[in-house]
Amino acid sequence: MREIVHMQAGQCGNQIGAKFWEVISDEHGIDPTGTYHGDSDLQLERINVYYNEATGGKYVPRAVLVDLEPGTMDSVRSGPFGQIFRPDNFVFGQSGAGNNWAKGHYTEGAELVDSVLDVVRKEAESCDCLQGFQLTHSLGGGTGSGMGTLLISKIREEYPDRIMNTFSVVPSPKVSDTVVEPYNATLSVHQLVENTDETYCIDNEALYDICFRTLKLTTPTYGDLNHLVSATMSGVTTCLRFPGQLNADLRKLAVNMVPFPRLHFFMPGFAPLTSRGSQQYRALTVPELTQQMFDAKNMMAACDPRHGRYLTVAAIFRGRMSMKEVDEQMLNVQNKNSSYFVEWIPNNVKTAVCDIPPRGLKMSATFIGNSTAIQELFKRISEQFTAMFRRKAFLHWYTGEGMDEMEFTEAESNMNDLVSEYQQYQDATAEEEGEFDEEEEGDEEAA
């Protein structure tokens with residue numbers, strides 16, 4: 001079976017990670033003790049992708065939980081599904097990273113990373129045929145961003161041919177914990193561009209807007225934001241966890257979604273949007289789902305897809321519905337909005353359907369878009385980064401941990417390069433391909 005090893009790092013990573021396991025355990029009929037109480041063979045058919053089967057028929061998440069302080073881990077352990085995790089897979093330090101990327105990446109995190117790798121190795125060894133890794137983390141803090149990216153690069157060294165997938169929560173001024181978030185995020189993106197195969201950009205600003213505007217929650221809590229994240233994560237992993245044809249493993253998803261290796265930052269979306277604990281009163285129709293799913297208001301990254309063009313799209317529909325209708329609606333969207341899809345990648349929209357809907361919904365749709373509009377998100381961080389870096393504000397926290405200003409400059413220019421690459425493909429048309437190729441080859445050699 002094609003297994004995935006899940007890792008969660010830092011406070012944010014552990015909170016959304018724990019929520020992810022709650023949601024998918026529920027979908028697969030697994031209770032907090034790891035016992036199966038489901039009612040459908042489909043729930044067990046690919047259970048091995050995320051769970052190990054232990055003695056006595058218990059299912060244990062193939063998850064490694066990492067943090068530089070014990071606090072969040074303790075709350076995961078005492079949370080609703082805290083007892084389902086393997087106790088040895090909790091790896092934590094005592095010092096904390098203090099929202100400092102350098103502490104997570106170079107000092108505190110570097111001391112802990114070997115013991116994390118031991119646990120990861122143990123999980124990987126118990127796999128029959130490991131397909132890859134997924135990490136949940138945030139880019140704004142110290143541990144998830146600094147140590148998370150260190151972990152990725154170490155795993156990349158040891159398992160160079162396995163897929164590396166991240167769910168990365170991008171900071172935003174609206175929901176901000178620390179003033180140095182732009183530094184931490186830029187240093188992290190610098191790593192993600194080089195070392196991951198697929199990164200889902202989940203953006204607190206977009207989540208906040210969805211809670212506020214669509215769900216009419218006046219003061220959204222992290223719990224409300226995480227509810228949206230877990231719905232989205234459950235959606236994008238559906239194809240990996242349930243039997244199906246399309247994007248059934250991480251590599252196939254990457255092949256369909258990533259036209260150029262550096263441009264692997266996806267914008268997830270979800271429909272219908274529901275708030276925590278609410279029930280849906282009527283099932284949506286397939287046209288409504290499709291329309292909502294492509295709506296800018298449903299995107300989990302604060303970028304407007306209408307400001308860019310889609311390179312590739314994957315859609316996952318869940319529930320009992322007519323495949324024919326789904327295909328018709330998806331074609332309909334593409335035909336009506338053809339200017340928003342690049343014409344030099346034909347058939348760049350792929351659709352999968354899974355019979356099992358998420359809890360509390362009759363049908364749902366999850367959206368994964370590789371859009372050039374994601375550059376807005378990187379521009380936003382880059383502007384904040386530059387504003388502080390120009391004045392060398394807060395730099396001593398980083399240089400004090402042994403970092404060099406040079407590294408900041410490199411990260412800044414790598415992020416700006418990423419923005420211009422997206423822009424280049426946004427402007428590209430099928431006709432001008434000739435002159436385009438020569439440039440490309442020149443670039444490749446330079447890189």
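From the backbone N, Cα and C atoms, a Cβ is placed for every residue, glycine too.
What Swiss-Prot records for Gln11, Glu69, Ser138, Gly142, Thr143, Gly144, Asn204, Asn226 is GTP binding site. The Cβ neighbour count for Gly142 (GTP binding site), using a 10 Å radius over every protein chain in view, is 29.
Counting every protein chain shown, the number of other Cβ atoms lying within 10 Å of the Cβ of Glu69 (GTP binding site) is 19. Feature annotation from Swiss-Prot assigns Mg(2+) binding site to Glu69.
If you look up Swiss-Prot, you'll see 429-447 marked as compositional bias 'Acidic residues'.
The region 'Disordered' annotation in Swiss-Prot covers 420-447.
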Same-chain residues at least 6 positions away from Asn226 (GTP binding site) with a Cβ under 8 Å from its Cβ, in sequence order, are Gln15, Ile16, Lys19
Taking all protein chains shown into account, the Cβ-based neighbour count within 10 Å for Thr143 (GTP binding site) is 35
One residue among the binding-site residues Ser138, Asn204 has the fewest other C-beta atoms within 10 A of its C-beta, namely Asn204
So Gly144 (GTP binding site), by the Cβ count within 10 Å over all chains shown, scores 34
Ser138 (GTP binding site) falls, by three-state DSSP, under strand
